[in-house]
Amino acid sequence: MNKHLMETLKGRLFHINVCSSLSFVPSDTQWDHDPRVYRRTSQCDRLCVDIGSHVAETPSPDVSHQYTPKCLSAHKGEATACPEVWQDGSSLRTTIRAENEVEANKLANNYRFGFRKWKSHVTERPIEDRSDIVRELYSELNFVRPQGSLITCGNIAYLILFGWWISLAYLLVCVLMFLTIIGVPYGKLCWKLSCYFLWPFGKSILKPRSLVRRCCVKFPHCEAIPEESDSKEVKESTPLLMPPSVPIEVPPQRTRYWCRVSTYVWLLLGYPLLGLIHSLACFLSWILVFTIPVAKMNARTLAIILLMPPEDVHIHRLKKPQGCDSQVLLCCYHAFNWYYYKYTLDGINVFAVNLLPLVITTLVVGYVDTENQFVSSEAKFAAAVSSIIPLSYYIGMGIASISAQSNFAVGAVVNATFGSITEMTFYITALLRGHKAGTKCYEEIVKAALTGTLLGCILFIPGISMIIGGFKHREQRFNSRSAGVSSALLFISVGGVFAPTLFSKAYGSLVCAGCSSSQANTSGPFTCMDCHYDMSGSNEPLYLRHIEPLVYTISVLLPSAYLIGLIFTLKTHSHIYDIQVRTGMCGHGTVHWSRLRALSVLIMATLLMAACADLTTEHIKPILDHSAISQYFIGVTVLAMVPEIPEIFNGIQFALQNNISLSLEVGNCIAVQVCMIQIPLLILFNTFYVNVHFINIIDVGFVLLFSDLHLWASIFSVIVVNYIFMDGKSDYFQGTALVVVYLILLALYFFAPSPHAC
């Protein structure tokens, strides 16, 4: 059968994948069960034949499969690699596709334990391999295409938000140019542009071309051709002898643009005012992200159209075909596009780019206005917490870039160090500020944030990913064995972290405050408002002799277990996570960030993260003192989950691509690193700081003893999530169960009384 297919396909201009039951995905590594979703690209077209395979439904990515196919390259004789295929005992096959070797390494790292899961590409993707929707995002608004309805909500919103005042500005400049007499041509231009910017949709700004011959040779059937630089010379491949029917026009002689007095009048009076208007419109529309076409339109007008001779600017409605004697300068159909959330600049998402000025403004205002004369503490706190979001994105991008360009050993070290240190900056600054203030309230906030990170990563990230992914895919499958490894490490880490707390419950003294008894029966039972296990005063010997050595022992065992997990998953049992990738897959690609640049971004983002964390802890005190909400709730929500917002979006994107395995690993990886790396590092830092400053660790410092609410909430969450992950399947109902449990626990924290230390 396969031989017959090979003979049939011989000589065709396209390639057909005949690998039985293999699902090829688009170049953005999308997953699907349907083998028809494979889209041929100009980079790597292949012909793959899986000998002896039989048809089976393709599940979502299951990385425990073995690499089995035999591949024949069928793209101009180049040496390329076949898409990866795995097969387990149940004959379930899955494929994954990467544009180049660096992207393949990044995808493989996503499945490895201890590596940060990253969705965005770390290499440049050829625009011709992108979908039509994405290609439209990167267009320069200088081409004519078939138009649909121009009366849309986005275009009407443009008229309300931008169109009327830009048109009014042109009208005022038009009057000014007419008053100068010599600037009358520019006054006429401003009048035309005033009408254009009021409703620019379905209109085009054209420039006449002087070389009609070159236009008609290159675009014999064009309506209007894209903009080209006038400085280009006719290429050597252009025929020297033209058919006699081709017209040859000689442009009329006129005064050069820079030799006119009106040009300088325009540049002194009209252009600066319109430049200010267009710059403001460009900034506002860029910040809104989904109105980036408006920003492109204003930037193109400011940089090109307003610097042209006024007689060369022609505005036409797109009702009839334009001739070959003109080139399109500007043509916009829609002012609003939802898909601009995918827009990137040098590999950086546009939201991260737009939030970067917020980081700089927050740091400047926070450290200059130390007396809160211009900005309140609450506003500074909100700005500092919000600034952590883009910095977390840059750190994740830097880690993914370095890991994809390095071997897995270097990648594991980078993920363990930067992935933990950057999130510890808040905890360390909070502990230092608590020592300076002489209160243990900051320590309780740190413990609440650690517990909130655990709960969010265990319950919320997998749950919301299952819900959104379940709406698109009826049922999603994942590798239960790999999930079992993560669950085992999660059990070990949570058990180790809360072991000292359980020990203190067994041997500590229960201290109660606010006790009262009934007046009628003085010998009856007392009613107490606040009971807890106290480790100070009379219980200090218990802590120093028994609990402190236990804490140090656990702080050594947990990183050791993490190291064993790395050896198990990356070395001895790498088939559980590893993706078999052949070297030389369509080249190495062009990376957005080199290793040096990624390392520089990591270091800079870490320093900025530390500064934002310092401002957060500095301005959180007024909120803790005057807020009616429990300090527990603030710690487990705002301080815990805001830095994880990029990870939440990564998990959702993986689920939408039917790759629920990575959505689950996103949360588990962070939770395990919190318990096995971050908490031991906090203990190490606390021990070093206490010994250097000769302070009492019980009075001020990080003691690994959690409240009952933290203890039982974490243990209950681990049990629930392991129960749901047992069958290796997920749907929106299971995700709803996890999210509901998470919300119930948040309600407990919301109504819980504040810690006694606060």
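Each Cβ is built from the backbone N, Cα and C atoms, and glycine gets one as well.
A quick note: this is a predicted structure, and the numbers were derived from the prediction, not measured.
The domain 'Inner membrane component' feature in TrEMBL is assigned to 153-203. Per DSSP, the domain 'Inner membrane component' (153-203) is made up of 42 helix, 2 strand, 7 coil.
Sequence annotations record features per position, and here TrEMBL assigns domain 'Sodium/calcium exchanger membrane region' to 381-499 (among others).
Feature annotation from TrEMBL assigns domain 'Sodium/calcium exchanger membrane region' to 599-749 (among others).
Note on the transmembrane segment (264-290): residues 154, 161-162, 165-166, 169-170, 172-173, 176-177, 180, 182-183, 186, 190, 298-299, 301-302, 306-307, 336-338, 340-341, 343, 350-351, 354 of its chain, located 6 or more positions outside it, place their CB under 8 angstroms from a CB of the stretch. Taken from TrEMBL, the feature transmembrane segment covers 264-290 (among others).
Look at TrEMBL and you will find 348-367 (among others) tagged as transmembrane segment.
Marked as transmembrane segment by TrEMBL: 379-396 (among others).
Positions annotated as transmembrane segment by TrEMBL: 408-428 (among others). Beyond the ends of the transmembrane segment (408-428), by six or more residues, the same chain brings 109, 112, 114-116, 391-392, 395, 398-399, 402, 446, 449-450, 453, 562, 566, 570, 602, 605-606, 609-610, 613, 616-617, 639, 643, 673-674, 677-678, 681-682, 685 to within a C-beta distance below 8 angstroms of the stretch.
Feature annotation from TrEMBL assigns transmembrane segment to 448-471 (among others). With a threshold of 8 Å between CB atoms, the same-chain residues lying at least 6 positions outside the transmembrane segment (448-471) that come near it are 423, 426-427, 490, 494, 631-632, 634-637, 639-641, 644, 647-648, 651-652, 654-656, 658, 660, 663-664, 666-668, 670-671, 674-675, 678-679, 706, 710, 713-714, 717-718, 720-721, 730-739, 741-742, 745, 749.
Residues or ranges marked as transmembrane segment by TrEMBL: 483-503 (among others).
For the transmembrane segment (550-570), same-chain residues at least 6 beyond its ends with a Cβ under 8 Å from one of its own Cβ atoms are 112-114, 408-409, 412, 416, 485, 489, 492-493, 496-497, 499-500, 503, 576-578, 672-673, 675-677, 679-680, 683-684, 687, 703-704. Feature annotation from TrEMBL assigns transmembrane segment to 550-570 (among others).
Annotation comment: TrEMBL describes 598-617 (among others) as transmembrane segment.
Among the features that TrEMBL reports, transmembrane segment is placed at 629-649 (among others). For the transmembrane segment (629-649), same-chain residues at least 6 beyond its ends with a Cβ under 8 Å from one of its own Cβ atoms are 117, 119, 385-386, 388-389, 392-393, 396, 423, 426, 441, 444-453, 455-457, 460-461, 464, 616, 620, 623, 666-667, 670, 709, 746, 749-755, 758.
Residues annotated as transmembrane segment in TrEMBL: 670-690 (among others).
The transmembrane segment annotation in TrEMBL covers 702-725 (among others).
What TrEMBL records for 732-752 (among others) is transmembrane segment.
Beyond the transmembrane segment (348-367), the same-chain residues lying 6 or more positions past its ends with a Cβ under 8 Å from any Cβ of the stretch are 120, 286-287, 289, 292, 340-341, 374-375, 380, 383-384, 386-387, 389-391, 393-394, 397, 592, 608, 611-612, 615, 618-619. Across 379-396, 483-503, 598-617, 732-752, stretch 483-503 shows the highest tally of CB pairs under 8 A with the transmembrane segment (670-690).
If you look at the transmembrane segment (702-725), the same-chain residues 6 or more away from its ends with a CB under 8 A from one of its CBs are 431, 443-444, 446-448, 451, 454-455, 458-459, 462, 478, 480, 483-484, 487, 490-491, 494, 497-498, 500-502, 504, 532-533, 535, 543, 547, 551, 554, 632, 664, 679, 682-683, 685-686, 734, 737-738, 741-742, 745, 748-749, 752, 755.
For the domain 'Sodium/calcium exchanger membrane region' (381-499), the number of residues in each DSSP class (helix H, G, I; strand E, B; coil) is 106 helix, 2 strand, 11 coil. Within the same chain, residues 116, 118, 348-349, 351-352, 355-356, 358-359, 361-363, 365-366, 372, 418-419, 422, 601-602, 605-606, 608-609, 612-613, 615-616, 618-620, 623, 638-639, 642-647, 650 sit at least 6 positions outside the transmembrane segment (379-396) and bring their C-beta atoms closer than 8 Å to a C-beta of that stretch.
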